[in-house]
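A short write-up of the structure that comes next.
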Amino acid sequence: MEDMEIIAKAAKIINAGGLVSFPTETVYGLGANAFSQEACLKIYEAKGRPSNNPLIVHVTGLEQAEELAIFNKDAYLLNKLWPGPLTMVLPKKNNSKLAACVTAGLDTVAIRVPAHKVAKDLILQSGVPIAAPSANKSGYLSATSHEHVKDSFKNDEIFIIESESKTLYGLESTIIDLSTSVPTILRFGFVTKQVIEQIISKEVAIATKSSAIKAPGMMHLHYAPTTPIRINAKSLEEGEVGLNFGNSQLDNKGSLNLSHEGNLIDAAANLFSYLHILDNYAKKNSIKKIAVAPIPNESIGLAINDRLTRAVNI
């Protein structure tokens, strides 16, 4: 089946109230018609997702986004980063037609314009905004390939758009809350605090663990493999397999390195993919824990450490 035929089939499924998993530049998404309460509830059911955890709405661009949310000066300035790995949380328009479960009953909505061609074409063909969290069971590792999606949803009725390559960034989008007087980062990603501050010419806050859940990725336990992980490991303990970074030496049979060169961008792109591999390896080889080497807490490293910290619920 040709690519556009696959997109057309997927769009029909979206319009019929079904679920479609599709690649984006960040991670694989699990999408439904954002205007359909019945369809979007299927996302929560399939993922086992808590009902107080809102969904990100994916749109084609600013014009479609303005139909759903109220934009302020900062949002218009940050629009220059769309399409791309940035989600904005904005006041929801009263006449937006969004399904209530999409915003988890909040008066705000999380919106993103994806850069991936398949994602863009799917939204265009569907003719509706698509609500889509990451395509994985709630709390588990995000999917960066269609194989990950298949493994997570073996018994669910989901149409999966397959891609030959894994996702570009490998981490979910940065989420910035622009609905309050002080712009606040709710989730770290490839768009850094410094980049946002430079564009809007003001200081940006960072959400704390006690912050109310206004967007995905804020649950305390999240992004976790089934095998427990130990972070900032400088040596291996008995029954562990290593996930290295740079010149760290957590080396034994099965160990992997996020980036031999110590490149944080490469490390981010490999993080979930390698954790999937090590999780499967651990299950088959009676490994008790995945030991992860220290990651520099700077730039993209902030996003990597955020995912790792939530995976061990620190």
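Just so it is clear, glycine is given a Cβ too, placed from its N, Cα and C backbone atoms.
Automatic prediction, not curation, is the source of TrEMBL annotations.
Positions annotated as domain 'YrdC-like' by TrEMBL: 4-191.
Taken from TrEMBL, the feature L-threonine binding site covers Thr26, His58, Arg112, Ala132, Ser142, Ser173. Counting only residues at least six positions away in the same chain, the Cβ atoms of Thr24, Gly29, Gly31, Ile111, Arg112, Val113, Pro114, Ala119, Ile123, Pro129, Ile130, Ala131, Ala132 sit under 8 Å from the Cβ of His58 (L-threonine binding site).
In the three-state DSSP scheme, Ser134 (ATP binding site) falls into the strand class. Residues or ranges marked as ATP binding site by TrEMBL: Arg49, Asn53, Thr108, Ser134, Arg187, Tyr223.
Checked against Tyr223 (ATP binding site), the binding-site residues Thr26, Ser142, Ser173 differ in C-alpha distance, with Ser142 being the nearest. Taking CA atoms as the reference points, Arg187 (ATP binding site) and Ser173 (L-threonine binding site) are 8 Å apart. In this structure the C-alpha atoms belonging to Asn53 (ATP binding site) and Ser142 (L-threonine binding site) are separated by 16 Å. The highest number of surrounding Cβ atoms within 10 Å, among the binding-site residues Arg49, Arg112, Arg187, is found at Arg112. If you compare Cα positions, Arg49 (ATP binding site) sits closest to Ser142 out of the binding-site residues Thr26, Ser142, Ser173.
Shown are the binding-site residues Thr26, Thr108, Ser142; of these, the residue with the fewest other Cβ atoms within 10 Å is Thr108.
Each of Thr24, Val27, Gly29, Ile56, Pro85, Thr87, Pro114, Pro133, Ser134, Glu172 belongs to the same chain as Thr26, His58, Arg112, Ala132, Ser142, Ser173, is absent from that list, and has a C-beta within 8 angstroms of the C-beta centroid marking the L-threonine site.
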